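Worksheet: the structure to be examined is printed underneath.
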Amino acid sequence: MIVPQHTQCILPSQDPAIAEIRPGRETTIEIVKEKMGLGLSIVGGSDTLLGAIIIHEVYPDGAAAKDGRLKPGDQILNVNNENFREITHQKALSVLRQTPSKVKMVVYREEGTQKEEDLYDIITVQLTKKSGKGLGLSIVGRKNGPGVFISDVVPGGVAESDGRLMQGDQILEVNDKDLRQATQEQAAAILKCAPGSVSIKLGRLKAGKKANANNNANSTWPVMISDGSPDGSSSAPAEPPIPTPRTHLPTLVHSPHHQIPLQQQHAPQEPQEPVGIRTILLERRDDGLGFSIVGGFGSNLGDLPIYVKSVFERGAAAREGSLRRGDQILEVNGQSLAGLTHADAVAILKEARGSVALTILPSK
């Protein structure tokens, strides 16, 4: 007699490896990362205004894009049996960055959010600049495609006093000028040149019905999820760059591209105001540039910008005198370091000869 085998039958629609994400219901999916990172940025968390973990962007070079099912606006409810319904932003990052090669997720997609414009709540705020000062916010561009977002709201500034702007908001219009397709630099110029009264139309990601939103005033900027690069990331020092407290270095530990602080560089400085981007010129001799760096895309600490780790007693930096530990290096001789690995940044600096122009964002 043949005894039938008791095997579990999984319907194609239920198989996490191929299950389609349908709006209005929870779906379990499985993504195979192979040798790449997930390639996601996220916003939200139980400690933020959104209250839930929401996918902000899916990068084309990551495992999620290759899989093809996740979209901006999807809410992450569970990752490898870790509950994401009441998880803080930082804890969610930690879990996502430490996932194995196969990642099982439970996600929820709001009904009727198939178009990107349906993912956002529209908010219009009216801000009045103080004499000689900016709006008290910084902006950053999307890594892939158009879109300019708020990346920092400065304590004590006009934007914070208003209370309605938060990190991650997309700037759609400024004084009726459409910024949906604007570059980061174009948006910065429009905001800086705007007169005293500035009308800003914002798009804020909807958390969806599954989100258990609260009124906590904290917020977080989208964070790129990556697992580190096998090529030289071990050369990045294990200690993070530590900016002086309250100087508000842009939160580029969260984003592979630089942001623009919208402050008047020549306005009277207050301790809580960020310092503007500037360029310094180093004259390289036989003793080198005279500083070390930390960070880089895919470093041991995550996807970081390039920071000055230390300035040596001898070298071009010491002779010039203004470079400091914690300064962020944006460009070398006009070449952007945004999104580069630590090894790539080191190579660019080593190849620089003679007069070397560094575009930096000072730590204080």
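Backbone N, Cα and C define each Cβ position, glycine as well.
Checking TrEMBL for region 'Disordered' across the ranges 151-184, 219-252 points to 219-252. Counting residue by residue with DSSP, the domain 'PDZ' (279-364) contains 15 helix, 34 strand, 37 coil. Per-residue pLDDT, averaged across the domain 'PDZ' (28-111), gives 87.
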